[in-house]
Amino acid sequence: MAYPLQLGLQDATSPIMEELTSFHDHTLMIVFLISTLVLYIISLMLTTKLTHTSTMDAQEIETIWTILPAIILIMIALPSLRVLYMMDEINNPALTVKTMGHQWYWSYEYTDYEDLSFDSYMVNTTDLKPGDLRLLEVDNRVVLPMELPIRMLISSEDVLHSWAVPSLGLKTDAIPGRLNQATVSSSRPGLFYGQCSEICGSNHSFMPIVLEMVPLKYFEAWSASM
């Protein structure tokens, strides 16, 4: 969950988000080192009046600044590709949930169960209870079992939407006429909040997402009561 004046990413709750956080730190360190080197060179150029004429057209340094950026890009690309393939892998999901975006709410269908579907609207600010989060609470939460791979099938009924839950490392576009999929897996129970992350009209800001991750036995009891 995000909090005011937060500088870093939200706490990772899924293996994918842990990998994304590690990749972010890895890339940020490379960018920091490059920026430090560039600033150092600029400061030298501004503070010295000496010129080394033999290095103005040296083949050696041209070779170095051609090979070195290629190595740096490979160091960034390989972990990035690894995370991308991990995000795309869905092996033997325990549950499949179909998510449809609408202007301006979400609808969910548990395809492994008969007649288990509902719409999820934002709770009006006048109806909030003490402790509720403004513009993030919904009337029907998506209840899912924790520590199990869950496949989300995501599409849209009207315009482009995007189903995103930052703490789980999820952001998948909901495109009319196309079915995208994502993997949901939580390592701990709790409430995880997200929002539509694609501008989709005047009420784009009023499409929150709330996932309630619970142990399997509680999920089975919830699904039986629906």
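Quick reminder: no glycine exception, Cβ is built from N, Cα and C everywhere.
As annotated by Swiss-Prot, Cu cation A1 binding site applies to His161, Cys196, Cys200, Met207, with the evidence given as similarity to another entry. Among the features that Swiss-Prot reports, Cu cation A2 binding site is placed at Cys196, Glu198, Cys200, His204, with the record citing similarity to another entry. What Swiss-Prot lists as Mg(2+) binding site is Glu198, and the listing cites similarity to another entry. Per Swiss-Prot, the feature phosphotyrosine maps to Tyr218. Annotation comment: Swiss-Prot describes 1-14, 88-226 as topological domain 'Mitochondrial intermembrane'. According to Swiss-Prot, the topological domain 'Mitochondrial matrix' annotation covers 46-59. Under the heading transmembrane segment, Swiss-Prot lists 15-45, 60-87, citing similarity to another entry as support.
Between the CA atoms of His204 (Cu cation A2 binding site) and Cys196 (Cu cation A1 binding site) there is a gap of 7 Å, rounded to the nearest whole number. Assigned with DSSP, the residues of the topological domain 'Mitochondrial intermembrane' (1-14) fall into helix, strand and coil as follows: 0 helix, 0 strand, 14 coil. Cys200 (Cu cation A1 binding site) and Tyr218 (phosphotyrosine) have their C-alpha atoms 35 Å apart, to the nearest angstrom.
For the topological domain 'Mitochondrial intermembrane' (1-14), the residues of the chain that approach it from at least six positions outside its boundaries are 20-21, 24, 166-170, 184-188, 190-193, 213, judged by C-beta separation under 8 angstroms. The residues of the topological domain 'Mitochondrial intermembrane' (88-226), classed with DSSP into helix (H, G, I), strand (E, B) and coil, number 20 helix, 61 strand, 58 coil. A simple way to gauge crowding: the CB of His204 (Cu cation A2 binding site) has 17 other CB atoms within 10 angstroms, across all the protein chains here.
With the fewest other Cβ atoms inside 10 Å of its Cβ, the least crowded of the binding-site residues Cys196, Cys200, Met207 in this structure is Cys200. The Cβ centroid of His161, Cys196, Cys200, Met207 marks the Cu cation A1 site; residues of that chain outside this set whose Cβ lies within 8 Å of it are Gly101, Gln103, Trp104, Trp106, Ser162, Ala174, Gln195, Ser197, Glu198, Gly201, His204, given in sequence order. Note: the CA-CA distance between Glu198 (Cu cation A2 binding site) and His161 (Cu cation A1 binding site) rounds to 5 Å.
For the recorded positions His161, Glu198, Tyr218, counting C-beta atoms within 10 A of each C-beta gives the highest total at His161.
Geometry remark: Met207 (Cu cation A1 binding site) versus the residue listed as 'phosphotyrosine', CA distance 26 Å. Residue pair His161 (Cu cation A1 binding site) / Tyr218 (phosphotyrosine) shows a Cα separation of 30 Å.
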